[in-house]
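Okay, structure first, notes after.
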Amino acid sequence: MNPRPSIAFAKFAAPQTAANRKGTVFVLSADDGGLSDAARAYDPGKTLERAFPVAEFTGKFAGVVEILAPEGTSLDRLVAIGAGKAAGLDEYAWLKLGGTIAASLRKATDVAVVLDLVGASIDGKDAANLAAGILLRSYSFDKYKTSKDKDDAKADPKKPVKITIHTADPAGAKKAFADAEAVIDGVLLARDLVNEPANILGPVEFAARAKELETLGVKVEILTEKEMKKLGMGSLLGVAQGSPRGARMAVMQWNGGKPKDGPIAFVGKGVTFDTGGNSMKPASGMEDMKGDMGGAAAVTGLMHALAARKAKANVVGIIGLVENAVDGHAQRPGDIVTSMSGQTIEVLNTDAEGRLVLADALWYCNDRFQPKFMVNLATLTGAIMVALGLHYAGLFSNNDELAERLAAAGQATQERLWRMPLGAEYDKLIDSKNADMKNIGGRYGGAIIAAQFLQRFVKDTPWAHLDIAGTAMGSPSSEINQSWGSGFGVRLLDRLVRDHYES
C-alpha cells in the first residue's frame, strides 16, 4: 500500500515566502472564478487566473485547472480547485473537495493547500474535513502487488506525500482533525477488512484483528465454538459446520460514558466467505463473497473510531464470524437447528445464512447487555440491491425515533438510508410447519422477509437492521472512495452516537 499522506496545518504564508515556494500548491476558487489574496501570493504573474477562461474554468464545484512550472515561481504545479457556491459548503462538500485534491496529487511529494476562499468563512472543522477527504480518497488496497503498474500516477511509495494546509485557524484545525482522523482510521480499517482475501482473513484471523482494539482501551472477548455451543448458539454454529475454519464471536466493549449508563449496541454479520453452502452460489462473481463480512467490518471500524476519539458513551460491538463452506459436514436444506433463544429454525436455503448468524448474535447481545437499542449491519440480501440500487442501504426498524435518527445521520454523512416496511403480512411468510420458523419466505420481498426473521430475535428492544449489501462492497466510486470495500457505516454510526448518545 502507498503510505498515507502526512498532514499538517499552518497559518497563511507571507507573500515573500509564498513566492519562493517549491513543489505543488492547491488553491480554491468559488464559482465567480476569483482567487483570494492568500492564493494570489503563489501566482505573482497571474498565470493561473489568465488560464481560467482558456480552460473554461468557472469555479464550478470539483472543477480543476493547473499550470505546470508557472512563470515567476519555483513551483512544479499550481492547481485551482473549484469550490462552487462559497456560502453553501457543508461537511460532505469539504470531504469531496479534499478527495478532489487527493485525486490531483499525481506524483507530488511536497504539497501546500491554501484554504482561503472569497465569500466564505472557513473554520477549523472545515479544514479538518478537507484533510479527512484527502485521506479517504488516498486509500488504496495494493499490499499484495509486488510491483507498481507502469501507468501508476501515484507518488513513489517510499516518499510519502507531505501536505501542509494553510488556514486562518491552524490550532482549531489540528484539534478538529485529531477527532476526524480517529473516525477516518475506523473507515480505513473497515475497508482493509472487507478487501482482504478470504484465505488471509477467516473467522479466527478476523477475531484477532478485533482483539487488537485492546490497545485503544476496548475490552475484547473472543468466544470459541465450544463456548458458543455451551450457550446454545445452534443457529450460528450450523452455518459454520461445513468449514474447517472455526467460528468465533468477538464481543467488544467501549466504556467511555458514565458507569450507570446502559450501553448502546451494534451487531455485525461476519461471514468471511460465503459459498452459499449446499445451496451453492453460481461460480461467476463468487469471489466477491470475501466481502460478506462488511457488517462486521463496519462494527469493528466503528469501535475503533469511538475508542480512538474517546467517545463519551458506553458501546457494545458484537460480530458473529463464520465461513459458509461445503464439505461432508455442511448444513443441508431441510435441517432444523435450535437458536440461543430456544426458537427452532428450518433451514430451507443454506445461502440465507447471514440471518442465522445474526439471530444468535442479536439474542446474545440483548440477553447479556440489555442495551438501550441494537443496530445490526449486514450484507444480507441481493433483494435490497434490486430495490434500492447501490447508493442507499435499506433501513428496517421497530422504533420510529431510532429510525429517524439513523436516517438523519445518514443524510449528514451521505451514507444514506431508505426506510423499508415491516409487518405481520410479511412475518407470517416465515412460519414453518416443521419448526418455529423457516429461514426464507416466498419469491417476493426478500429483504423485508430477512428483516422480519431478525425481528424475532430482538424482543421489544429498540432495534434497527441495516442491509448494506449494495453499499459495503463494489459500490460506485466517489470523490472520497475508490476502494472496492467502502467502509460504509462507520461514519454514519459514529454520527449517530455523536449526535444523540454521548454524555
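Using the three backbone atoms N, Cα and C, a Cβ is placed for every residue, glycine included.
Now, the feature entries from Swiss-Prot:
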- Lys269, Asp274, Asp292, Glu353: Mn(2+) 2 binding site (BINDING)
- Asp274, Asp351, Glu353: Mn(2+) 1 binding site (BINDING)
- Lys281: active site (ACT_SITE)
- Arg355: active site (ACT_SITE)
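Cβ neighbour count for Asp274 (Mn(2+) 2 binding site): 26 (other Cβ atoms within 10 Å of its Cβ, all protein chains included). In sequence order, Ala378, Leu380, Asn439, Ala450, Phe453, Leu454 constitute the residues six or more apart from Arg355 (active site) in its chain with CB-CB distances below 8 Å. When the recorded positions Lys269, Lys281 are scored by other C-beta atoms within 10 Å, Lys269 scores highest. Looking at Lys269 (Mn(2+) 2 binding site) and Lys281 (active site), their Cα atoms lie 18 Å from each other. The binding-site residues in question are Asp292, Asp351, Glu353, and the one with the fewest Cβ neighbours inside 10 Å is Asp351.
Distances between the Cα of Lys281 (active site) and those of the binding-site residues Asp292, Asp351, Glu353 are shortest for Asp351. Look at Arg355 (active site): DSSP puts it in a helix. Secondary structure at Lys281 (active site), as computed by DSSP, is coil. Annotated pair Asp292 (Mn(2+) 2 binding site) and Asp351 (Mn(2+) 1 binding site), C-alpha to C-alpha distance, rounded: 12 Å.
Same-chain neighbours of the Mn(2+) 2 site beyond Lys269, Asp274, Asp292, Glu353, judged by a C-beta within 8 angstroms of the site's C-beta center, are, in sequence order, Val239, Gly270, Val271, Met289, Met293, Val322, Asn324, Gly354, Val357, Ala378, Thr379.
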